[in-house]
Amino acid sequence: MDVFQTIILGIIEGITEFLPISSTGHLIVASNWLSIEQNETNKAIEVIIQLAAILAVIANYRDKFTLKHKVLWSKVVLAFIPIGAIGLLFHKEIKTLFTVPMVGTMFIVGGIVFLVLEHFYQERSSHVQEVEAISYRQALWIGIAQVFALIPGTSRAGASIVGALLMGLSRKASAEFSFLLALPVLAAAAGFDLLTHYSDFSRGDMLTLSVGFITSFLIAYLTIRVFIGFLQRFTFVSFGIYRIAFGALLLWLG
């Protein structure tokens with residue numbers, strides 16, 4: 001993977017990781033279109049790009065990393081358990097699902113889910129407005145919903161946001177809890193890949209790794225801030241439409 005390809009993947013990861021449009025799906029498609037060989041060294045570079053996205057969440061929500069928020073983080077850990085357990089048990093089977101037809105199909109399915117949900121969803125004052133107010137029951141159900149993200153093209157952010165909306169969270173609170181929930185999920189995935197591809201990091205070009213990391217971090221940091229501002233004025237309908245259109249394009253191109 002050269003520097004240009006790494007920049008492209010860093011931009012894609014930074015934009016799509018925290019939006020409900022599947023970062024994995026976009027990275028699979030981009031890798032195919034850029035003819036990036038799926039060798040162990042390139043997989044290691046993708047891990048570095050994901051780690052940068054984790055740091056972007058920490059940078060945006062650094063005020064949450066205090067002892068007074070320990071209850072919030074216990075709920076985040078609870079929500080992580082379902083996807084962590086199932087992902088660990090079935091990671092080999094899940095890898096076989098990483099195909100363009102599967103990604104395209106799940107893009108469309110996810111888009112339809114968002115359109116249907118937004119048709120019935122109305123913001124109410126009774127909805128949870130701040131992530132600190134989420135109950136353990138709500139956190140668990142959001143975590144269960146996130147399990148669907150193990151299917152490529154579903155979107156981790158999308159699955160967790162849908163679960164949060166169904167559990168009575170506001171759009172803003174749904175997105176913010178999804179951001180925080182990304183930390184253990186991405187850390188676990190990156191940690192697993194680090195263990196399996198550890199030796200490949202020594203073969204990776206440090207310039208390429210650094211450029212990918214910085215690009216992903218900066219884009220992810222800005223995306224999080226813009227996305228929260230967007231949700232204070234708009235709905236998820238545009239994401240539903242995009243998912244259906246992009247999924248149809250993928251299936252058409254084959």
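Glycine is treated like the rest: Cβ placed from N, Cα and C.
Taken from Swiss-Prot as is:
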- 1-21: transmembrane segment (TRANSMEM)
- 41-61: transmembrane segment (TRANSMEM)
- 71-91: transmembrane segment (TRANSMEM)
- 97-117: transmembrane segment (TRANSMEM)
- 147-167: transmembrane segment (TRANSMEM)
- 175-195: transmembrane segment (TRANSMEM)
- 211-231: transmembrane segment (TRANSMEM)
- 234-254: transmembrane segment (TRANSMEM)
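Across the candidate stretches 1-21, 41-61, 147-167, 175-195, the maximum count of CB pairs under 8 A to the transmembrane segment (234-254) is reached by 1-21.
Most Cβ pairs under 8 A with the transmembrane segment (1-21) among the ranges 41-61, 97-117, 211-231 are made by 211-231. Here the transmembrane segment (175-195) has long-range neighbours at 17-18, 43-44, 47, 50-51, 53-54, 57-58, 60-61, 64, 72-73, 76-77, 79-80, 83-84, 87-88, 91, 131, 134, 139, 142-143, 146, 156-157, 160-161, 164, 169, 201, 224, 227-228, 231, meaning same-chain residues at least 6 beyond its ends whose C-beta is under 8 angstroms from one of its own. Residues 20-22, 24-25, 28-29, 32, 151-155, 158-159, 162, 165-166, 236-237, 239-251, 254 of the same chain, all 6+ positions outside the transmembrane segment (97-117), place their C-beta atoms under 8 angstroms from a C-beta of that stretch.
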